[in-house]
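Asks: One structure coming up, written as structure tokens, with questions to follow.
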Amino acid sequence: MARKARQRISYVLPLANQINGHRLGVGGLAVDSDNSILYSGGRDGMICVWDLNLDLKNRSIPDYDAKLPPATASAFRQQVQAHTHWINDIKLAQSNQALVSASSDITVKVWRPMAHEALPPQPVGLHTDYVKVVAVPSFTSDWVASGGLDRKISVWDLNGAGQKLSINVGEDEASALSSREKGSIYSLAATNNMLASGGPESTVRVWDARTGKRITKLVGHTDNVRSVLISQDETTIMTASSDRTVKVWSTIAGRCMYTLTMHDASVWSLFSSDPDLSIFYSSDKNGLVAKTDTRNTIELDEGLSVAVAQEHEAVHSVVAAGDCIWTATSGSSINRWRDVSTDDAEIEVPENYSMQRTSISVPRIRSPSQGLDGLSLQPTRSQSATTKKKIPLKHMLRLSNTADFPVPIVQETDKRASVMMERKPSKQENPESPIAMQPVRSQPDFSIEGQNGLIKHVMLNDRKRVLTTDTAGEVVMWDLLKCVPIKSFGKRHLDDVKDEVTTTATVANWCQVDTRTGNVAVILEENTCFDAEMYADELDLDEDVEYKEDQRINLGKWVLRYLFSGVITEEVRRDQAFRKQLLGASEEKRLQRENAPGGIQLPVPGQTNGWHHNDGSAAIDNDVTPRPTDGNVKPTTPGLAIGMAPTTPQMLNSPTRNSAIGATLTPTPEEGAPLEEQKSVTSQQRQSSERPTSDYFSAPRIPTTGLITPGGVNKTPITPGESAIADDHAVTTPSADSPVPKETPGKEAGLFGKKFSMRGMSFSGMKKIGRTQTNDKETKPVVTEEKEDASESDARSSKTSNSRVVDDNFQGTIQKVRFAYEDSIQQQLASMQAHENGLPVPKINNLDIPSTITPSLASETPDLYPPLNTVILIQEDRPEAGGVADLFEGTVGALASQTDTIEKTAPMWLGEVLLRNQIPQKDVVKISFILEPQQGSGLPGIASDGNNRLNANRMLRAKKILGYVAERIEPAQAPGEKEEEGKLRPEEYLELWCQGQVVPATMTLATIRSHLWRGGGDVILYYKANGRKQILHAPAAPQVASIPTAPKPDALNNGAGSVAP
């Protein structure tokens, strides 16, 4: 069985005074023209919905010089935290009823904001690396395609059918060099029959959308292909690349037909709503947004390209609808620009300019007025003024290097004089300076303002505070435990603030902090989240909180306890209901006999065979109980067949008697518990799988081999319905973790002793019998561990409905608790029955099941109140992708209502921490140090043999070390001597020094090592008196070689770790 992926818990701190809108750059845009709605997906993982308040169906596009009406404002509609990483692309599908998003959290999700049932975005597919792009084949299609850095194109069904097709682009050219590094998908387009993808290898691959086979590969770009479009008739593919070109390909010819060069920077985005791509929009890294119109042209490069707008930074996405264009950049705002009409338009050629091609080696005649030398004559106003609208040259872009475009006319001069004089050309020879390009729209029509998101952070030494900087430069300090901002330092440099607030505390790293989505996200993993402890007097606790001296609080357990407080409350309620139900069912079963008939059927007159005469004589005419004909037969009750029997121990072995008892027999605590608890999980599973099982709450019949004679050792019987938990622990009592008591010596086990134990034997389907060697001198039973085949275990797990296989999740903790309840009830029922039978067992008057759900108390984890809108995430590692996948998302205030989902998705270690207050066991991290008296102090050493090398828990405080020193160098208090009032504590009259500095009494060994010692090897500490008390030396102890001395438990142990010389 494959090992389950590692899971982790994350929580996201809410921003103070959070306003609707994006906090970081916007990565994708989509427009619903029918409902006048704009969707935006950002790097903060948010999808925002905006009401445009525009009639996008009936608005005409204005001319470049038209007077624009007042702008209509867009309004916020709603938003949802769709992803936990950047959103790279979004698309509308299924008649604008579904919004599909692709994210760097390796998921593809669909959100239906118009649905009656408001559900968060649901995952439809999962990649193994960042998902960069998503493509929709048509307006009404029910599938989408996605591609990413895992070098795969996946086709997903939007109705929940999962993956329909997978194309491994990385294996497309298995023979090519470095093929593993090729195939990443940065651009993708789809139709019903065709897919086109592009990436860093500068090629465009065309695929069959039905079979996944490659149709062709288009080669021509020299850099990353960033955007792809396919015409509706699938004859034309348009691509944009970082090589600053837009190429137009023919799928019929399989080659590039045109290369468009209107951009001077990397082209990042293409958009077109035209079926044949005659009108399209493009944007580049420098922020230029261009509109290109190729309608009514013989050659595509004869069209017009207009510079519509100029952003201040790179444009990641551009969309257009009606008379508006929207642009998304690395900023959190979204700008809306008014479109420019290109209907029946042409370039306005200024005076002293003429239409000319850059390459004149192959002239092309495009009109009768054009000469063979490639230069066209200046058209007269009468020829064009009345036919087409003019757009000034300053707003136009040259579509390609071979396209006609106005250039300044070069005046002829005396070439001979120019050659002979070799002088600088005169002013008349200089062509006029080219007209600088100016976008038509200098300012956006409307801007949807974004918010400030966090972009940088630094963790402080105490590991509970973090400093952040947002996009506006403001520095804020956050409390990771209380999940709130503490203080704002204004617009300052982060490092300057760090130097001011850093303390000398050294705390183990218990969490990771991430600000990639504009918020503070805290990540907790099982291996590290319980490593950090802090002393209660160092924490900002409420004044009414009582805690012991030098009490330490585990930071990870503390914060988890109150993030999931709603789940704990709900589980306590469910636990109480379960115990009540179990007690009621068990009490009812106790009063009933198993398999008892519902009534007694009396004989019917006229029948024979036993009840009536066999000779055919007249029937008995009364309903009295008939008498037997054979006087030697003992009387029986009709229909029950219960015979008279003496009350002897053998009677207890009768199956009929067992059925009447209806419960298992519980041994005395000093007898039966050891062997039951020492049984291996494997043997319990084997026995449970070979025995018949009973109803969930039924009281099964008592096994005959589980009963004992008075004075014998009673081994705990195995209930027929009982089985083992497939985990590291066998649950047999409500505590499920109690230590195994020693067996009482001198007693035999079972009716026949240890060598012939019939306990739990089943001869049907038996595979192995383990042997236990017996030794009369041993007081402990030897338990043989049996190994089982994985196939047998899997068979039981999947085929045996009553086998106690515990789920490897939060639900598994609850299952272990409930199994323990059932075992406890069975033991109590057995003890009650055994007591009624006169066996020497304690009397139990009433059934009782104490709760074993024991969350940490307020004295151990003081109250915290995280904001109710704090987001909780349960994530799973994906090692093959180097990332994580989200399994659950919720808020602190709503977790109680999502308990069922949490039980299925949360890891088991979280359940153990929350419900049983048990954290994973790890070795204590210790620090070695040498403790010596300072020269000239006059104080003796701590060890008579000169061995002064110690080690202790890294959280041990200096005052504990001084207390240890005081016990070693001062005489012990005489027995019966009263404690002196006002006696000075060791840290008040002794000092600890390290590297020439006095060590504060509350400083830990970890802090001493990192801030004072600052080196490797053992830390050297010196102690001396400060003169506040006269120190009487303890008498010298006799030196005994090779016998190490150990400190008293209260000297340096005290829960902080052992100290050994």
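Numbering starts at 1 and runs along the chain as it is shown here.
Each Cβ is built from the backbone N, Cα and C atoms, and glycine gets one as well.
Copied straight from TrEMBL:
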REPEAT    19-53  repeat 'WD'
REPEAT    80-111  repeat 'WD'
REPEAT    178-217  repeat 'WD'
REPEAT    218-259  repeat 'WD'
REGION    365-389  region 'Disordered'
COMPBIAS  377-386  compositional bias 'Polar residues'
REGION    609-805  region 'Disordered'
COMPBIAS  647-667  compositional bias 'Polar residues'
COMPBIAS  774-785  compositional bias 'Basic and acidic residues'
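Where in this structure would I find these features, and how exposed are they?
Replies: Residues 72-92, 96, 99, 101, 103, 105, 111, 113, 121, 316-322, 324, 326, 328-334, 448-455, 471, 516-519 of the same chain, all 6+ positions outside the repeat 'WD' (19-53), place their C-beta atoms under 8 angstroms from a C-beta of that stretch.
Taking Cβ pairs closer than 8 Å, the repeat 'WD' (80-111) reaches residues 10, 27-32, 34-35, 39-43, 45-47, 120-136, 139-142, 144, 146, 148, 150, 154, 156, 158, 317, 516-517, 521, 871, 873, 875, 878, 881, 883-886, 889 in its own chain, all 6 or more past its ends.
Note on the repeat 'WD' (178-217): residues 132-138, 141, 144-149, 151-153, 155, 165-172, 223-230, 232, 234, 237, 239-241, 243, 249, 251, 254 of its chain, located 6 or more positions outside it, place their CB under 8 angstroms from a CB of the stretch.
When pLDDT values are averaged over the repeat 'WD' (218-259), the model yields 94.
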Asks: Please give the sequence-distant neighbours of the repeat 'WD' (218-259): residues at least 6 beyond its ends with Cβ less than 8 Å from one of its Cβ atoms.
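Replies: Those are 186-191, 193-194, 196-200, 202-206, 265-272, 275-277, 280, 282, 284-285, 299-301, 400, in sequence order.
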Asks: So how many of the residues in the repeat 'WD' (19-53) end up helix, strand or coil by DSSP?
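Replies: Summed over the repeat 'WD' (19-53), the classes give 0 helix, 19 strand, 16 coil.
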